[in-house]
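Only one structure is covered here, and it is reproduced in the block below.
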Amino acid sequence: DEGKTKGYADDIDTLLVFAGLFSAILTAFVVQTYQMLQPDSQDTTNQLLAYNSQLLSHGHTYPGTDYHIPPTLNMTMTSVLESQSFSPSASARWINVLLFTSLVLSLAAALFGILAKQWIREYMLWNSPLATPRENVVVRQMRFEDWESWNVDATIAAVPALLEIAMVLFLIGMVILLWTLDDVVAIILTVIVSAFLLTVSAFTILPVLFLRCPYRSPTARACLAL
């Protein structure tokens, strides 16, 4: 029991550290990308300033006349007002959906990691100094059977899978973001990310297909349990 639970605890400690760093990186991206879902206030301000400048120029050009707004300026103001009905692009929506989902999964992995450590701690409390050895053995056996019947091993093994899915979504969102910025950089990163994801997928699927494959991981064990 101690060897198994210590292995789980060490894995979860590593996961929590990585989840914290990964969430910080994701937050830095999300702070920038969520602005793609909002209209650019600077553009609207510039349009209004240009409109005011045209109004002032018109007043100086025709002093002493009855003030009226010419049709061209009316059209300019209409275009400014229409620009307020902003609709984000499809790429902006996809980028933010992927990055925000990745952030949620990363935080969920950290939370489930904390819960898993609590489950392990409770499981190891069967050896009470106030009980007889026989009672301790009975309690230990009951907890072991409950642990197996509730499939806690697969549940704990699925926690790193959440973080891996979060990383995949982040990489896909990053690639889509790069395609909106520069084609050359996007092509290079798309090739690198695709190769990386294919390699990770192979390492995850191979232990499921070949039982003697040594590339075993918690994610592969979760896939086997399913």
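The backbone N, Cα and C atoms fix where each Cβ goes, and this holds for glycine too.
In TrEMBL, annotation is done automatically, which means it is predicted and not curated.
Because the structure is a prediction, the values reported are computed rather than measured.
Taken from TrEMBL, the feature domain 'DUF6535' covers 2-180. The transmembrane segment annotation in TrEMBL covers 12-31, 94-116, 150-179, 185-211.
Below 8 angstroms of C-beta separation, residues 164, 168, 171-172, 174-175, 178-179, 217, 219-220, 223-224 of the same chain, each at least six residues beyond the ends of the transmembrane segment (185-211), sit close to that stretch. If you average pLDDT over the domain 'DUF6535' (2-180) in this model, you get 81.
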